Amino acid sequence: MRYDNSVRLFLSVLYCLMTILYTPLIIYIPSLAFSQVSGINLYVVAVATCAICIFYTSLGGLKAVVWTDTVQSFAMILGVVAVTVLGTMDVGGVGVVLDRAAASNRLEFFNLDPNPLVRHTFWTVVIGNFFMWLSHIAANQAILQRCLALPTVGKARRALISLSIGISLFVVFSVYSGLVIYAKYHDCDPVYSQAIRKVDQILPYTVMDLANSVPGFPGIFIAGVFSAALSSMSTMLNSMSGVILQDFIRPLWGQRPLSELAASTIMKTIVVLIGSLCVAMTLIVDRLGAIIQVSRTLSGITAGASLGIFVLGMTVPWLNAKGVLYGGIASLFSAGFVAFGSQHALRSGTLRFANRPLSVDGCLYDFPATNATLNHEAVEEAFWVFRISYLYLTVVGFVTMAVVATIVTWITGPNDLSKMNPDLFSPYVQFLFPKKQQIPTDEANGVELKLLQKAAEAGE
């Protein structure tokens with residue numbers, strides 16, 4: 001309503017692109033964990049995982065997704081808490097965890113370096129995460145779909161508050177579990193000693209190492225990992241099928257009414273097709289770098305443009321649809337250029353990050369010699385744009401969107417605020433709109449009196 005149909009279609013394309021890029025990562029993570037624990041081939045697990053998710057998502061729709069997500073959220077929390085508690089007990093307590101992290105310079109809270117090329121600083125974490133989570137919660141079809149499914153605004157607000165609290169707690173537990181894992185393997189790095197193939201396997205490797213102390217512990221962990229993946233994947237597939245049906249298929253259907261049965265069949269077909277495509281794309285994910293940076297990089301390609309369309313649309317009434325559309329396209333290409341350029345630089349070796357100190361002095365087993373360097377220095381030969389912190393990718397997209405949209409709007413002519421509906425904008429910018437011309441009460445009474453006098457004189 002604020003823009004026109006072209007912006008809506010562009011936003012739908014952005015969401016579909018984000019889903020196709022991000023969902024393979026979601027499939028890959030539990031498949032990698034289960035493969036590490038059970039020894040079953042990674043791709044066999046990926047196919048089975050996706051098949052289960054496609055089945056209940058296409059069969060039950062949004063209601064099935066919400067109920068399974070509710071149950072799965074408890075399994076997620078149980079899994080991460082179990083790893084944290086058992087790992088802490090295994091290394092000798094919280095004090096040991098923090099001491100070993102501090103000794104290797106892994107506790108770094110206030111690195112205030114403003115340089116955006118530094119990978120992790122106080123500013124990249126705070127600012128980058130603020131824009132990323134704002135985009136994920138406030139400008140994401142999957143979240144908005146759930147808010148709209150609730151009966152009142154108050155319940156939607158409470159749902160978002162509980163989501164924010166849950167995310168915060170989960171991030172805290174995840175960060176601490178990382179410190180626990182380092183404390184456990186501080187003198188025998190599993191990657192360099194070739195106990196595992198890549199760093200993403202270190203959590204399931206830890207679980208199997210702790211399995212002897214608690215029977216059934218690997219099962220609890222795997223349940224948590226699969227719950228996290230299935231809940232995210234089912235939400236994305238369900239919302240994406242709705243977007244494709246509403247914004248692409250219905251307009252092509254023409255004036256003919258689309259029955260509920262036909263709509264349901266189309267959505268189920270979309271879920272199966274997109275899910276199958278995402279399974280195939282896990283082959284590519286396995287050849288990329290550390291999964292956290294890859295996931296944030298790929299999701300950041302579209303996040304800046306989506307966030308800009310929502311935020312600027314609610315707060316800057318002068319921006320016209322043409323400016324926003326060109327701004328969104330520029331944002332998509334600029335963020336994509338930085339994202340794929342940085343991934344290429346990492347693969348080619350022109351960009352490499354210095355790691356924190358690692359050691360294999362305490363390994364109690366023999367491992368074959370390797371040419372890999374245990375503690376390597378940073379390599380920064382790549383073009384400076386590709387060295388921008390991956391946490392800033394959403395910010396890059398958002399700023400590009402705002403600048404280009406403003407320039408195009410200025411060239412093509414801004415909106416006339418007198419013709420805009422103020423109800424479509426944030427209450428904080430209502431003062432920008434011209435007030436309706438109203439005749440003061442006293443003046444209106446005087447005009448009415450004169451009209452009555454003239455009517456009396458005319459004998460009316």
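In case you wondered, yes, glycine gets a Cβ from its N, Cα and C as well.
Look at TrEMBL and you will find 12-34 (among others) tagged as transmembrane segment.
Residues or ranges marked as transmembrane segment in TrEMBL: 40-62 (among others).
A Cβ distance under 8 Å defines the sequence-distant neighbours of the transmembrane segment (74-97), meaning residues of its chain 6+ beyond its ends; these are 169-170, 173-174, 176-177, 179-181, 183-184, 203, 206-207, 210, 213-214, 217, 220-228, 231. Annotation comment: TrEMBL describes 74-97 (among others) as transmembrane segment.
According to TrEMBL, the transmembrane segment annotation covers 117-139 (among others). Same-chain residues lying 6+ beyond the ends of the transmembrane segment (117-139) with a Cβ under 8 Å from its Cβ atoms: 108-111, 160, 163-164, 167, 296, 299-300, 303-304, 306-307, 309-311, 353, 384, 387-395, 398.
Under the heading transmembrane segment, TrEMBL lists 160-183 (among others). Beyond the transmembrane segment (160-183), the same-chain residues lying 6 or more positions past its ends with a Cβ under 8 Å from any Cβ of the stretch are 73, 76-77, 80-81, 83-84, 87-88, 91, 96-98, 100-101, 104, 106, 133, 137, 143, 147, 202-203, 206.
According to TrEMBL, the transmembrane segment annotation covers 266-285 (among others).
Summarising the annotation, TrEMBL assigns transmembrane segment to 297-316 (among others). With a cut-off of 8 Å between Cβ atoms, the residues of this chain six or more beyond the transmembrane segment (297-316) that come close are 2-3, 7, 10-11, 14-15, 17-18, 21-22, 25, 131-132, 134-136, 138-140, 324, 327-329, 331-332, 335-336, 339, 342-343, 390, 393-402, 405, 424-426, 428-429.
Taken from TrEMBL, the feature transmembrane segment applies to 323-342 (among others).
What TrEMBL lists as transmembrane segment is 390-411 (among others).
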Spatial neighbours of the transmembrane segment (323-342) far in sequence, C-beta under 8 Å, 6+ residues away: 3, 6-7, 10-11, 14, 297-298, 300-305, 308-309, 312-313, 351, 382-383, 385-388, 390, 393-394, 396-398, 400-410, 412
Beyond the flanks of the transmembrane segment (40-62) by at least 6 residues, Cβ under 8 Å: 27-28, 30-32, 34, 68, 145-146, 149, 226, 229-230, 233-234, 237-238, 264, 267-268, 271-272, 275-276, 278-279, 282-283, 286
